[in-house]
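Inspection log for the structure reproduced underneath, given as structure tokens.
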Protein chains: 2
Amino acid sequence: MTPFQLQSVSEAADDIRRLISEQDLAGASARLTPLSVPEVVELVDRLSIEDAAIVYRLLAKARALDVFEALSPGTRGDLVGALRRAEVTSLFAEIDPDDRVWLLDELPASVAPQLLRGLTRQERDLTAGMLGYPHHSVGRRMSPEFVTTHPQLTVRETFARIRAALDSAETVYTLPVTDARRVVGIVSLRDLMSADEEALIVDVMSDPHVAEVTEDAEVVARRTTDYGLLALPVVDGEQRLVGILTIDDAARILKQEESEDAARQGGVEPLRRSYLSTPIRRLVRSRVVWLLVLAVGATLTVQVLDAFEATLAQMTVLALFVPLLIGTGGNTGNQAATTVTRSLALGEIVPRDVRKVLSREIRVGLCLGLLLGTLGFAIAGLVYEWHIGLVVGLTLVAVCTVAASIGGIMPLAARAIKVDPAVFSNPFITTFVDATGLIIYFLIARAVLGI
Amino acid sequence: MTPFQLQSVSEAADDIRRLISEQDLAGASARLTPLSVPEVVELVDRLSIEDAAIVYRLLAKARALDVFEALSPGTRGDLVGALRRAEVTSLFAEIDPDDRVWLLDELPASVAPQLLRGLTRQERDLTAGMLGYPHHSVGRRMSPEFVTTHPQLTVRETFARIRAALDSAETVYTLPVTDARRVVGIVSLRDLMSADEEALIVDVMSDPHVAEVTEDAEVVARRTTDYGLLALPVVDGEQRLVGILTIDDAARILKQEESEDAARQGGVEPLRRSYLSTPIRRLVRSRVVWLLVLAVGATLTVQVLDAFEATLAQMTVLALFVPLLIGTGGNTGNQAATTVTRSLALGEIVPRDVRKVLSREIRVGLCLGLLLGTLGFAIAGLVYEWHIGLVVGLTLVAVCTVAASIGGIMPLAARAIKVDPAVFSNPFITTFVDATGLIIYFLIARAVLGI
């Protein structure tokens, strides 16, 4: 190492200490860029272990791997320990998601699982955030405590590996088979038990299902349970193993997602604790925002009715059918939205099926509208008069068709703009359909009654 | 065997052949009652194997076990085969649930799993019905392909059992430990691998979680995933092992139940196939019944408005707020119902918590009503006039309180009368709350405006 290099490292260390104390991670990252791998190794040794951890986390993936391998084993351990520390993780937790993309690269597959090992589920979620795995990604929920085997190992050698990991591994029933950390196969303990002890793993392993670490946790969990897999290997962008998702964790993820979906469908923010142990003010808070949004939306209906007030004053009888007509529209819209939302969640349809869904919902809505409209015409006609019956009947046909179409398309639109379809919840659709239904009603009334 | 016995058996055989051909199972059961076990064995040998299977199925549990053990091994095999046959299972499938209770006792634990083995999931469900396990019970969904061990066996001997069952067993990772068929413990393959080969199972096994065969499949599935169990032993009324529920089957059950719940919450009958492959007429059928029920319910609102028509004619401005007010009531009711329904499904609350739920929902509804009511008073007062603002504000307070209470109690009432709470779906609550809200609105309007 030349004196010049040493001086540049020493200057870099001073700059970086200052930048970190100012929480200027972007500046620190820029200051690191011109340094060579040996210079970074030197730098890491000169900084406090917390600052070293921050510096390390700012390195691009390829450099991070080279640096890690050049460190002494002791420093490696200290570094992993420091990366886990609350001060360090919370610093990275605050990074804006947009900055995260260019500031934090994936960590090498040799470091990432080490970092997550031995943590509780909560600590793991927090620490996985620092690894750059997005919110709701399977990277936040996977376990790093896996046992692997190699294609050229024998069954007997693999059993020895399993025995050594019995106390720590999340599961020993499904083993990813890796070569240079890349997942090349999967083998179950059951396969191993029925195989010859001297057989090579390459001859007993099967093709693996894998998940990418940035995939949505719910999607991966559903795939795990749909295929009835006991565990699914999770890989990084280079197909290197970084974790494993077991079926019991998958079931836990799905349970939580179902609770959240059910809550949002009803226009409530999901509760964190059980109903009876949630304080009243939290219950109120979980509902009030949506209720306000919906009430503001509902002022649309006041404006529509205000615009038609003259018509209403002339024919008060028209007011009688308002709740029935908009209620039926809301129900039809909800039915369509419920069916489509569920199909989306199960992966039966995707946003580009929008034309198919629209054409089906128009036909379903028209059928329902014709059925209800005929009934409405007959009953309203008999009880009031035939002109009124005609208005009610025609409105039901039109409202059902429009409501089913809107209800069917809304969840697809939500998914297309990357919003949870359940957020365009049933109350939301009801409010939207209400105003539309009123306009249709009064336009038909004016046309038929000539007012 | 005396000639007298032989004659009585011969007569019984004739009678029973006739009763079975007339599908009079109750009569056949009564004719069997006076016969001794050796007589029944004799009878089984004289009948066609289908009739023999029907006779066998009508025996009380204790007698069925004695008869089975007295049969020759060949006849046993034929009998189990015949019990599975479509003609036989369909005969029992048609029995009225009320008759089932006294006509069909549980089958002995030595026969039941044999009967279910080697069947597809659909065949198993049908055949399990004949065993007397109710619809939606875990008995319909469990697997009979289990491996067991005994407390006094060694770990080495247990491994031999597992190896012998590798091809057939549903799971080899969780083994029920049984003594005289009763479940006394549970041991995981992982426990076995970490134990000494000569250790006794009694020293490595843990206390078992078990499910009763008649328990609701969804409840058992939720317990399995909540505890993160890979498999749960299923026992009959005498704690004898009859099957096992694996976590992947549990996940499958929960997925189906969630789909059904989500559909019902939206007022749709669950679809059997995927959305895009379901014909339009089936989509219409899945929605039309609920839509009609709700529309009939909504005629209540027409009647309420009709009763207040004079008031409406005097003050047309009152009509403007109808959709806003009943919409807000509906939303508040749905929010409460969604939260309570979900808590019920998760087992956080039970029907007898009705007073706690009511007191919480009254308070939550009142808070929400005061918030929205203040806003409504201010806005309607500014835009229209202060009297109207007062009517709107007071109505919001009252409607939110009433709607939250009704929405919170309805799911509990449904559960108390053994109806799926999701059936009292959100649209149902909306319709109910709509009419109530209108009455409140006009009563307040009359009082405040003095009309």
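Any Cβ shown, glycine's included, is placed from N, Cα and C.
Given the structure is predicted, the values throughout are model-derived calculations rather than measurements.
Marked as domain 'CBS' by TrEMBL: A:142-204, A:205-260. Feature annotation from TrEMBL assigns transmembrane segment to A:288-305, A:311-328, A:362-384, A:390-414, A:426-449.
Each of A:288-305, A:311-328, A:390-414, A:426-449 was scored by its Cβ pairs under 8 Å to the transmembrane segment (A:362-384), and the highest score goes to A:390-414.
Outside the transmembrane segment (A:288-305) by six or more residues, the chain places 267-269, 312, 322, 326, 425, 427-428, 431-432, 434-435, 438-439, 442 with a CB less than 8 A from a CB of the stretch. Residues 301, 305, 372, 380, 384, 388, 391-392, 395-396, 399-400, 433-434, 437-438, 441-442, 445-446, 449, 451 of the same chain lie 6+ residues outside the transmembrane segment (A:311-328) yet bring a C-beta within less than 8 angstroms of a C-beta in it.
Note: the domain 'CBS' (A:205-260) comprises 24 helix, 16 strand, 16 coil (DSSP; helix = H, G, I, strand = E, B). Model confidence over the domain 'CBS' (A:205-260) is summarised by a mean pLDDT of 90.
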